[in-house]
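Below: the structure, in structure tokens.
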Amino acid sequence: MDENENSQSPAPSHQYPKETLRKRQNSVQNSGGSESSRLSRKSFKLDYRLEEDVTKSKKGKDGRFVNPWPTWKNVSIPNVLRWLIMEKDHSSVPGSKEELDKELPVLKPYFISDPEEAGVREAGLRVTWLGHATLMVEMDELILLTDPMFSSRASPSQYMGPKRFRRPPCTISELPPIDAVLISHNHYDHLDYGSVLALNERFGSELRWFVPLGLLDWMQKCGCENVIELDWWEENCVPGHDKVTFVFTPSQHWCKRTLLDDNKVLWGSWSVLGPWNRFFFAGDTGYCPAFEEIGKRFGPFDLAAIPIGAYEPRWFMKYQHADPEDAVRIHIDVQAKRSVAIHWGTFALANEHYLEPPVKLNEALERYGLKSEDFFILKHGESRYLNTDDKAFEET
């Protein structure tokens with residue numbers, strides 16, 4: 001039996017085989033003055049949207065978002081079929097839980113046994129990998145969650161679609177209090193319906209959601225009240241923490257959840273700029289010129305989270321998914337002091353061997369004259385602490 005067959009659902013009471021979106025009747029009355037609003041997108045501190053040296057978001061004639069760089073090529077149905085039919089799958093994920101436990105152990109996060117330790121102070125920055133693109137980041141007196149994915153499948157149904165081969169290290173009920181969630185785009189492995197419902201059930205309007213342009217209505221229909229929807233280069237903050245700026249920055253990807261909604265929602269990365277630390281979350285992306293713009297504008301970053309998996313075959317995946325060498329180039333472009341690898345070791349979404357991404361990452365680092373501690377790998381549930389005073393990491 002697969003290890004996830006008996007795993008706890010992230011949803012409050014039952015599985016959600018389909019997206020039956022609902023809106024709470026009291027979503028406005030109980031919002032505490034923080035109900036979602038597109039007016040909240042107005043910049044309060046920084047505004048680079050009108051400058052000539054940054055790439056703005058762009059729509060095609062059909063009103064849908066497009067990638068504005070020559071590094072992009074549209075995903076076509078013939079190419080999808082060629083990939084699915086003609087290319088060999090080398091992922092080789094073992095069916096044995098014992099072998100998976102040996103190769104990709106899932107650790108119990110520190111905050112389960114010691115919840116009082118959650119929340120670093122002042123200069124500290126701690127990152128915990130919870131699988132795929134989900135990180136818990138503690139910085140500048142805030143606790144953040146990126147692209148929360150706690151369900152068994154990355155799919156509109158929990159009965160079919162890509163199934164995770166490593167369980168989440170914790171449940172949503174075991175998380176410490178989360179201040180904000182960063183969503184990069186609306187694909188099912190990054191925007192998980194059950195996880196959104198469960199987080200909203202637990203934290204309600206106290207939890208601020210930062211989402212791309214076009215996603216506000218979907219979030220509201222899920223009952224989320226405290227949602228900030230941003231375009232590229234727009235920014236906002238968490239109430240009571242206005243010294244930390246959240247900027248929605250570009251990436252090269254695409255969006256889709258249904259047959260007819262291609263690219264009606266924007267995609268992107270996040271730059272979190274605090275008085276002590278700067279954190280960059282790349283989300284899901286191919287390599288493009290945007291990262292050099294981000295590095296020049298907001299770098300250096302104390303920590304960047306950059307995807308390294310789901311990259312084969314390159315003729316098809318390179319436009320939408322960075323491979324380990326692309327990831328190192330992104331690390332350099334955004335001027336990251338350290339980076340953590342994400343988007344690997346959880347779902348088999350492409351054709352490379354499931355253990356290959358870290359190997360290829362270390363090879364790329366050596367070619368670029370970098371060390372493994374510059375761009376590091378975490379086990380599921382593992383944390384690292386970055387002290388910006390001496391730049392030393394401590395495992396937790």
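Positions of Cβ are set from backbone N, Cα and C atoms, glycine also.
What you see is a predicted model, and the numbers here were worked out from it, not measured in a lab.
For reference, Swiss-Prot has these:
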{"type": "BINDING", "residues": "His185, His187, His253, Asp284", "note": "Zn(2+) 1 binding site"}
{"type": "BINDING", "residues": "Asp189, His190, Asp284, His343", "note": "Zn(2+) 2 binding site"}
{"type": "BINDING", "residues": "Lys256, Ala348", "note": "deoxycholate binding site"}
{"type": "COMPBIAS", "residues": "1-12", "note": "compositional bias 'Polar residues'"}
{"type": "COMPBIAS", "residues": "26-37", "note": "compositional bias 'Polar residues'"}
{"type": "MOD_RES", "residues": "Met1", "note": "N-acetylmethionine"}
{"type": "REGION", "residues": "1-41", "note": "region 'Disordered'"}
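Swiss-Prot feature annotations superimposed on the structure.
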| residue | record | CB count, 10 Å |
| --- | --- | --- |
| His185 | Zn(2+) 1 binding site | 26 |
| His187 | Zn(2+) 1 binding site | 22 |
| Asp189 | Zn(2+) 2 binding site | 24 |
| His190 | Zn(2+) 2 binding site | 23 |
| His253 | Zn(2+) 1 binding site | 25 |
| Lys256 | deoxycholate binding site | 16 |
| Asp284 | Zn(2+) 1 binding site | 27 |
| His343 | Zn(2+) 2 binding site | 29 |
| Ala348 | deoxycholate binding site | 19 |
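Note on proximity: of the binding-site residues Lys256, His343, Ala348, the one nearest His185 (Zn(2+) 1 binding site) is Lys256, by Cα distance. For Lys256 (deoxycholate binding site), the nearest neighbour among the binding-site residues His187, Asp189, His190, Asp284, His343, judged by Cα separation, is His187.
Other than the site residues His185, His187, His253, Asp284, same-chain residues with C-beta atoms no more than 8 angstroms from the centre of those residues' C-beta atoms, the Zn(2+) 1 site, are Ser184, Asn186, His190, Ser251, Trp254, Cys255, Trp267, Gly283, Thr285, Gln320. Sitting within 8 Å of the Cβ centre of Asp189, His190, Asp284, His343, and not among those site residues for Zn(2+) 2, are the Cβ atoms of His132, Ala133, Asp147, Met149, Ser184, His185, His187, Gly283, Pro307, Ala310.
Separating the Cα atoms of Asp189 (Zn(2+) 2 binding site) and Asp284 (Zn(2+) 1 binding site) is a whole-number distance of 10 Å. When the C-alpha distances from His190 (Zn(2+) 2 binding site) to the binding-site residues His253, Asp284, Ala348 are tabulated, the minimum falls on Asp284.
A separation of roughly 19 Å, to the nearest angstrom, links the Cα atoms of Ala348 (deoxycholate binding site) and His253 (Zn(2+) 1 binding site).
Inclusion criterion for the binding-site residues His187, His253, Asp284: a C-alpha placed within 10 angstroms of the C-alpha of His343 (Zn(2+) 2 binding site); this criterion is met by Asp284.
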